[in-house]
Amino acid sequence: MYEWLNALPKAELHLHLEGSLEPELLFALAERNKIALPWNDVEALRSAYAFNNLQEFLDLYYQGADVLRSEQDFYDLTWAYLQRCKSQNVIHTEPFFDPQTHTDRGIPFEVVLNGINQALKDGREQLGISSGLILSFLRHLSEEEAQKTLDQALPFRDAFIAVGLDSSEKGHPPSKFQRVFDRARSEGFEAVAHAGEEGPPEYIWEALDLLKIKRIDHGVRAIEDERLMQRIIDEQIPLTVCPLSNTKLCVFDHMSQHNILDMLERGVKVTVNSDDPAYFGGYVTENFHALHTHLGMTEDQARRLAQNSLDARLV
């Protein structure tokens with residue numbers, strides 16, 4: 001079944017480029033940039049990938065991102081991910097990047113963007129993988145800082161297809177960023193947002209009504225609100241669900257408890273994605289395979305999930 005799932009044409013719509021930084025590349029970039037790491041070797045770093053919640057993961061995620069310094073570093077990060085896409089027949093990807101993770105460390109916005117964009121361009125030309133980049137604001141930072149990031153992005157307007165919202169969800173509702181998203185949409189950006197992962201269904205309502213998003217990233221807690229579920233079904237609003245991430249971060253205690261197939265059968269436009277694959281133990285195919293192994297996902301369900309991902313593209 002793994003080989004069949006791997007060969008299935010699919011799109012990935014929920015992937016953080018910084019979260020695809022594999023330990024081997026992290027160590028190579030640390031050596032290139034002469035950065036001392038708190039782990040002795042790759043295996044020690046892998047063993048640190050034991051999280052009890054989103055915040056514990058994010059602490060390690062931001063620490064790992066510190067090795068990314070130059071355009072070449074961001075190119076290498078993105079190119080490694082695209083090669084993985086090619087090996088798993090991901091024919092289209094819409095990755096996130098978090099400029100504030102890097103600009104707050106003194107890395108110029110254009111250094112980050114140039115490295116990523118050159119890799120995406122090469123991916124289109126050399127690998128045949130179409131793509132669109134999403135600029136994501138960090139919700140644990142202030143609205144003012146998000147506005148500054150949008151200011152930095154506007155000269156490069158054509159480099160992005162959308163703005164997004166990620167990082168620590170609890171205590172940071174979408175409404176905090178309503179004015180930023182209003183402005184981004186007035187500049188021609190589409191909008192997506194993480195909502196309903198650790199946060200309540202109310203955050204999904206806010207993302208839909210205040211941020212006016214086209215896609216819900218995660219959204220698994222929508223199932224707790226019947227009226228919300230009906231709206232998502234009626235309007236066919238896509239959900240970019242990340243099964244391995246959800247179990248690794250204890251959104252669900254075990255994959256056998258995941259609700260993605262329940263939502264699929266109710267008519268929700270759910271998709272399968274890897275989120276931060278270097279940290280969560282699998283890329284898109286591994287996420288599909290986990291659904292087959294633990295939930296008995298059928299070939300028909302897999303085809304529908306893959307088709308949903310292709311249908312839910314912004315570009």
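Cβ atoms here come from the backbone N, Cα and C positions, even for glycine.
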Candidate sharing the Zn(2+) site with HIS14, HIS16, HIS194 (per Swiss-Prot), from ASP104, ASP122, ASP262, ASP275: ASP275
Alpha-carbon distance [GLU197 (active site, proton donor); HIS218 (site 'Important for catalytic activity')] in Å: 6
Nearest-integer angstrom distance between the alpha carbons (Cα) of HIS16 (Zn(2+) binding site) and ASP276 (substrate binding site): 6
Length of the line joining the Cα atoms of ASP276 (substrate binding site) and HIS14 (Zn(2+) binding site), in Å: 9
Other CB atoms within 10 A, centred on ASP275 (Zn(2+) binding site): 30
Number of Cβ atoms other than its own within 10 Å, given for HIS194 (Zn(2+) binding site): 29
